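Enquirer: Straight out of Swiss-Prot:
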- Ser26: active site, schiff-base intermediate with substrate (ACT_SITE)
- Ser26: pyruvic acid (Ser) (MOD_RES)
- Thr58, Gly72, Gly73, Ala74: substrate binding site (BINDING)
- Tyr59: active site, proton donor (ACT_SITE)
Amino acid sequence: MGTIRLMHAKLHRVRVSEANVDYVGSITIDRELIERVGILPLEEVDVVNLSNGKRFSTYVFPGHTGEICPNGGAALLCQPGDILIIYAYEQRPRQEVLEKGHFAKVLVADAENRCQQFFEQSLIPRGDGRGVEFSSQEC
């Protein structure tokens with residue numbers, strides 16, 4: 001039946017604190033934020049800039065409290081104050097998702113990149129092995 005790529009973590013509405021074109025690449029993200037949603041250092045992420053519509057993929061470095069810093073080429077796509085959504089995905093066997101479900105952790109940030117809201121989005125198996133129900137619950 002194959003595999004399916006599902007979101008497992010999302011940082012919603014984080015703000016760029018700085019952009020460093022001279023750094024080696026990546027995006028530096030507040031360590032507490034990535035740990036809260038389960039993103040690992042060096043994990044690939046997709047980034048959507050809500051302030052200008054640009055999108056890019058990169059990898060994560062852990063940073064200091066409040067830090068959201070696109071580095072290298074990604075720094076050319078953002079400027080301080082821009083609002084971003086950062087997604088991380090995992091590849092799962094489709095049948096396993098239908099049988100056991102899936103959940104993703106979502107953190108909504110305030111203007112200082114602190115957790116404003118935290119919740120889980122889940123796929124819950126229907127029991128017939130062919131479908132799932134979607135659920136979203138605040139933690």
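Glycine residues also receive a Cβ, built from the backbone N, Cα and C atoms like all the rest.
Map these features onto the structure and tell me what's around them.
Expert: Annotation for Ser26 (active site, schiff-base intermediate with substrate): spatial neighbours Thr58, Tyr59, Val60, Phe61, Asn71, Gly72, Ala74, criterion Cβ-Cβ under 8 Å with sequence separation of six or more.
In the three-state DSSP classification, Ser26 (active site, schiff-base intermediate with substrate) falls within coil.
Residue environment of Gly72 (substrate binding site) contains 16 other Cβ atoms, counted within 10 Å of its Cβ in all protein chains.
The Cβ of Tyr59 (active site, proton donor) has 14 other Cβ atoms within 10 Å, all protein chains considered.
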Enquirer: Tell me the coarse DSSP state (helix, strand, coil) of Gly72 (substrate binding site).
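Expert: Reduced to three states, the DSSP call for Gly72 (substrate binding site) is helix.
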Enquirer: When DSSP is mapped onto helix/strand/coil, what comes out for Thr58 (substrate binding site)?
Expert: strand
Enquirer: Across all protein chains in the structure, which of the binding-site residues Thr58, Gly73, Ala74 has the highest Cβ count within 10 Å?
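Expert: Output for this query is Ala74.
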Enquirer: If the substrate site is taken as the center of the Cβ atoms of Thr58, Gly72, Gly73, Ala74, which further residues of that chain fall within 8 Å of it by their Cβ?
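Expert: Leaving out the recorded residues gives Gly25, Ser26, Ile27, Phe56, Pro70, Asn71, Ala75, Leu76, Leu77.
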